[in-house]
Amino acid sequence: MTIIATQALTKTYGGGVTALADLTVDVDAGVIGLVGANGAGKSTFIKIMLGLLAPSSGEVRVLGIDPVTETDKVRARVGYMPENDCLPPDVSASEFVTHVGRLSGLPKTAARERASESLRHVGLYEERYRQIGGYSTGMKQRVKLAQALVHDPDLLLLDEPTNGLDPAGRDAMLTLVHRIGNEFGISVVVCSHLLGEVERICDSLIAIEAGHLLRADRISSMTTASDVLAVEVSEGTDELAAALSALGFAVTPEGRLLLVPLESDSAYDKVLQAVAELDLPLHRLDQRRHRVAELFTTKETADV
Amino acid sequence: MSEAGVIHDIGYQRYTGPRLGRGALLRALYVHGLRATFGFGRSAKSKIFPWGVAGIVLLVAVINAAVRSQTGTWLFDYYAFDDGMSWLVIFFVAIVAPELVSRDLRSGVLPLYFSRPLRAADYVIAKVAALVTAVWLLLGVPQFIMFLGGAFTTKTGMKGVWHEVGLLLPGWAYSVLWAFVFASISLLIASLTGKRAFAAGGIVAVFLMTAPVVGVLSVLPSETSRHLAGLASPMSLISGVEGWLRDRHDLGIDVGNFGVIYGIEAFCLITACLLLLLARYRKVASL
C-alpha cells in the first residue's frame with residue numbers, strides 16, 4: 001500500500017528560496033528513512049505532509065488523502081514528533097500525553113488509557129507520574145514519541161528522533177522505531193542526517209539534497225555500499241596498507257587511518273589477522289557508519 | 001493460567017473507538033484552559049494567586065451583602081462593584097493570561113497542538129473563552145452573592161426578588177463586557193512573549209500607564225477633552241460605556257454626549273485585539 005505519493009512537488013518560500021524542487025516519490029508502508037543534510041528540505045516536506053504548509057505546485061497524497069484540502073483527516077491519522085523541545089516542564093508525562101490525546105479527538109477515558117498504553121510502549125513506567133522537567137533527554141524523547149503515538153495513527157512522522165541521545169539511547173530509540181514499524185503495524189517516516197543510522201531500521205529510503213530527490217527506493221534494491229572498517233595503528237601504517245592491498249582489499253588512507261571496505265563477513269577477521277601477523281600496535285578498529293555525504297558522492301561519481 | 005502479579009505484555013492494541021471532531025477538541029482545550037486559570041491540575045503554588053484574588057473579591061461581596069441586609073443600603077451596586085474590583089482583576093489577568101498562552105509558547109508545545117486537527121482559530125477561541133469565563137466568574141459569583149443578600153432580605157416578597165433579578169442581570173452583562181476587554185487585551189500582550197514575567201509586566205503596564213493619561217486629559221480646560229478623556233484607558237473606557245448605556249453623568253467619567261464613541265471604541269478595541277491574536281497564531285501555527 002502506498003503511504004506517501006508526491007507528484008512534481010515544489011515549495012518556494014516568499015524570498016525566492018526553493019526548499020523542494022520537483023519531488024516525485026511513491027513509497028510503500030513500512031519504516032521509511034528520509035535523509036538529507038541540514039537544510040535539504042526534510043522539515044519542509046514534513047510540514048507539507050501535515051498540511052502546515054501549502055505546496056507551491058505539484059501534488060501530495062498522504063495515506064491516499066490530500067493534506068492541502070483534507071487537512072483534518074490527514075492529521076487525525078498522522079502522529080508527529082518534532083525535532084525541538086516541545087514539552088512543558090511542570091506537568092507529568094501521563095497528564096501531558098492524556099491532554100494531547102484529547103486534542104487528537106479521543107474521548108476522556110480513552111485518552112487516559114491510550115496515554116498510559118503509549119507511555120508503556122515507549123518504556124516509561126512509574127516515571128510517567130513525575131514532572132517532565134526532571135526527565136533526562138532520553139526520557140523526554142520517549143515522551144515525545146508517546147505523544148505522537150497516543151491517538152493510534154497510521155503514520156508517524158519522526159523528525160530527528162535520535163537527536164541529543166547518547167549511543168545507547170540512540171540504539172534504544174532506533175530499536176523502538178523498528179518495533180513500531182514492524183510489530184505495531186504503523187508506518188514510520190524517520191528523518192535523519194545520518195544514513196548509517198536509518199539504513200539499519202528502514203525498509204525504504206528517500207534521500208534529498210537541496211530540495212532535489214537523490215534517490216527513493218527500497219533499501220534492499222539499493223546497491224548498498226557496505227560498511228567501512230577504520231583501522232588505526234600506532235606505527236607501520238604503510239606496511240599494513242601494503243599487506244591489506246596484497247590480500248585484495250581496496251585500502252584508502254585517511255589521515256592516520258586506513259579505511260577498508262567490509263565486503264564479506266570474513267573481511268573483519270582477515271584485517272585483524274593482518275595486523276596480528278605484522279605485530280603492529282593496534283590503536284583503533286571501528287566500523288564506520290556512512291554519512292549522507294558519502295552516498296551523495298558515490299551517486300555523483302556513478303553518474304559521471 | 002497466569003500467575004498472580006505477573007503483567008503480561010499483550011502487545012500493541014490498535015484503537016478502534018470513536019474519534020471526535022474539532023468541536024470536541026475546542027471544548028477539551030477550553031476546559032483545560034479554564035481549569036488552569038484557577039490552578040487546577042497545576043501545582044499548589046499556582047493556585048495561591050488566583051484563589052487569593054477570588055478570596056478578596058468574595059469577601060468584599062459578602063461584606064457588602066451583610067451591610068445591606070443590616071442597614072438596607074448598598075456600599076456599592078453591581079456596577080460599582082465591577083469598577084471597584086478592576087484593579088484586582090488587572091492583577092488576576094496579568095498572572096493568568098501568561099499562564100494560558102505564554103507558557104505554551106515557552107515550552108514549544110504549539111507544534112504538537114497544530115499538527116493535530118486543531119486550527120489557530122480554535123486555539124484562540126478556546127483560550128479567549130477560558131479567560132473570559134474565568135474573569136466573568138471572578139466578578140459574577142460575588143455579584144450573585146450580593147444578589148442573594150438582597151433577595152433574602154427584601155421586604156416586598158416575590159416582587160422584590162424580581163426587582164433584584166432585574167438589577168443583577170445587567171450587572172452580569174457589565175461583567176461580561178469587563179471580561180472581554182481584560183481577556184482580549186491581556187491575551188494579546190501575553191501571546192507576544194514566552195516569558196511569563198515580561199508578559200505579566202506588560203499587561204499591568206498597559207492598564208496602569210494609561211490611567212494617568214486619563215487624569216491629565218480630564219483636567220484640561222476644554223469641555224470636550226474632559227468628556228473624551230476616558231477613551232485613553234481601557235478601564236475608564238468601560239466606565240464610559242456604562243455611563244452611556246445607563247445615561248448617567250454622575251459616575252467617575254462624565255461622557256457628555258460622546259457616549260456612543262465609547263461604545264464604538266470598546267467594540268473596536270475588543271475586535272482588533274481578537275483579530276490581532278488570531279493573526280499572531282496563524283503565523284505561529286505555520287511553525
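Backbone N, Cα and C define each Cβ position, glycine as well.
A TrEMBL annotation is a machine prediction, not a hand-curated record.
Taken straight from TrEMBL:
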TRANSMEM  B:48-65  transmembrane segment
TRANSMEM  B:85-102  transmembrane segment
TRANSMEM  B:123-152  transmembrane segment
TRANSMEM  B:172-190  transmembrane segment
TRANSMEM  B:197-220  transmembrane segment
TRANSMEM  B:260-279  transmembrane segment
Residues from the same chain, set at least six apart from the ends of the transmembrane segment (B:85-102), whose C-beta lies under 8 A from its own: 33, 36-37, 46, 49-50, 53, 56-57, 60, 127, 130-131, 134-135, 138-139, 142, 178, 182-183, 186-187, 189-191, 193-196, 199-201, 203-204, 207-208, 235, 238
Long-range environment of the transmembrane segment (B:123-152) - Cβ separation under 8 angstroms, sequence gap at least 6: 26, 29-30, 32-34, 36-38, 50, 53-54, 57-58, 60-62, 64-66, 68-69, 78, 81-82, 85, 89, 92-93, 96-97, 100-101, 113-114, 160-161, 164-165, 167-168, 171-172, 175-176, 178-180, 182-184, 186-187, 274, 277-278, 281, 285
Leading contact stretch, B:48-65, B:172-190, B:197-220 vs the transmembrane segment (B:260-279) - CB distance under 8 Å: B:172-190
Residue numbers, six or more beyond the limits of the transmembrane segment (B:172-190), whose CB comes under 8 Å of its CB atoms: 78-79, 82, 86, 89-90, 93-94, 96-98, 100-102, 127-128, 131-133, 135-136, 139-140, 143, 199, 202-203, 206-207, 234, 237-238, 241-242, 266, 269-270, 273-274, 276-277, 280
